[in-house]
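Visitor: Checked TrEMBL, it gives:
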{"type": "SIGNAL", "residues": "1-27", "note": "signal peptide"}
{"type": "DISULFID", "residues": "Cys38-Cys117", "note": "disulfide bond"}
{"type": "ACT_SITE", "residues": "His69", "note": "active site, proton acceptor"}
{"type": "DISULFID", "residues": "Cys71-Cys76", "note": "disulfide bond"}
{"type": "BINDING", "residues": "His177", "note": "heme b binding site"}
{"type": "DISULFID", "residues": "Cys184-Cys216", "note": "disulfide bond"}
Amino acid sequence: MATFSQLNTILSPAVLILFITLPLSKAVLDAHFYDQKCPQAERIISETVRNASIYDPKVPARILRMFFHDCFLRGCDASVLLDSTQGNKAEKDGPPNISLRAFYVVDDAKAKLEMACPNISGGPYWNVLKGRKDGRVSKANETINLPAPSFNVTQLSQSFARRGLGLKDLVALSGGHTLGFSHCSSFEARVGNFSALHEVDPNINIEFAEKLRKKCLDPKRDHNTGEFLDSTSSTFDNDYYQRVMAGKGVFGSDQTLYGDFRTRWIVESFAKDEKLFFREFAASMVKLGNVGVIEDGEVRVKCRVVN
């Protein structure tokens, strides 16, 4: 079972990649880029994430999701942090990103980093390559390219392959749902009027489906109503895979990983061996963090606006 310090170890690299980096003539990344330039960065980031998580236990899941949504579109260029302007609707206001939260945690950490090390941030817990520039472009309509919770393995694998990520990366990164929470809108179609032949998705555990259906019955419900994506939502562990094997994946895209022969064996491996999952998750996060590294970028002073 992961302790909170382990959670912090897992999440801090994701936060670091969302922050501002030093300008480079070329997009040269280095695992030790900031070791000498800002040695206190790790402590600043860790304390910020830890303190925010004490007041809001959903912060770890929210930051992890923010990281994925940023990297999956234009690479890890912090474009998801940019606010919309009068002439442009930014990524964070695209339909899949409306429910992204915890931007204030990034803002808080960035402000502290700017005081300690102007125009710098860094420090990995796993071997994260650093030295990225921040993007200047952020478009809401590009969020259609994020993988949907209704995708099957074929659709998911095609989406991941376009980013240079394979099936093992797909299954490992889906394990980030161990910290996840979903609103009803992302899964209620599975438990009511699923198809012309089935009222409920036949791949879901029937008792679990009834639980989800009852949660989402009231049309006047609180918009925050939903379900955690595993039963130990405050702990980074492999419970997510065990639940998927039991037919209790909340998203169709979760459950399909066990229903497809191409990914079933990976799900079973991670469910059986938590240490293996941790190793593969870290490796896939490094790969995700290096998708679409840009050379023509800038170093933002404030995360939410271009300079």
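Cβ coordinates come from backbone N, Cα and C, glycine included.
These numbers come from a predicted model, not from an experiment.
Tell me what's around each of these sites.
Guide: Within 10 Å of the C-beta atom of Cys117 (disulfide bond) sit 18 other C-beta atoms, taking all shown protein chains into account.
His69 (active site, proton acceptor) has a Cβ environment of 19 other Cβ atoms inside 10 Å.
Counting every protein chain shown, the number of other Cβ atoms lying within 10 Å of the Cβ of Cys71 (disulfide bond) is 27.
Sequence-distant neighbours of His177 (heme b binding site): residues of the same chain at least 6 apart with a C-beta under 8 Å from its C-beta are Leu229, Asp230, Tyr240, Val250, Phe251, Asp254.
Within the same chain, residues at least six positions away from Cys216 (disulfide bond) with a Cβ under 8 Å of its Cβ are Cys184, Phe187, Glu188, Val191, Gly192, Thr225, Gly226.
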Visitor: Measuring Cα to Cα, how far is Cys76 (disulfide bond) from Cys38 (disulfide bond) in Å?
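Guide: For Cys76 (disulfide bond) versus Cys38 (disulfide bond), the Cα atoms are 20 Å apart.
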Visitor: Could you tell me which of these disulfide-bonded residues, Cys76, Cys184, has the greatest number of Cβ atoms within 10 Å of its own Cβ?
Guide: Cys76
Visitor: What's the CA to CA span in angstrom from Cys38 (disulfide bond) over to Cys71 (disulfide bond)?
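Guide: Just about 24 Å between their Cα atoms.
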Visitor: How many neighbouring Cβ atoms, not counting its own, are there within 10 Å of the Cβ of Cys38 (disulfide bond)?
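Guide: Within a 10 Å radius of the Cβ of Cys38 (disulfide bond) lie 20 other Cβ atoms.
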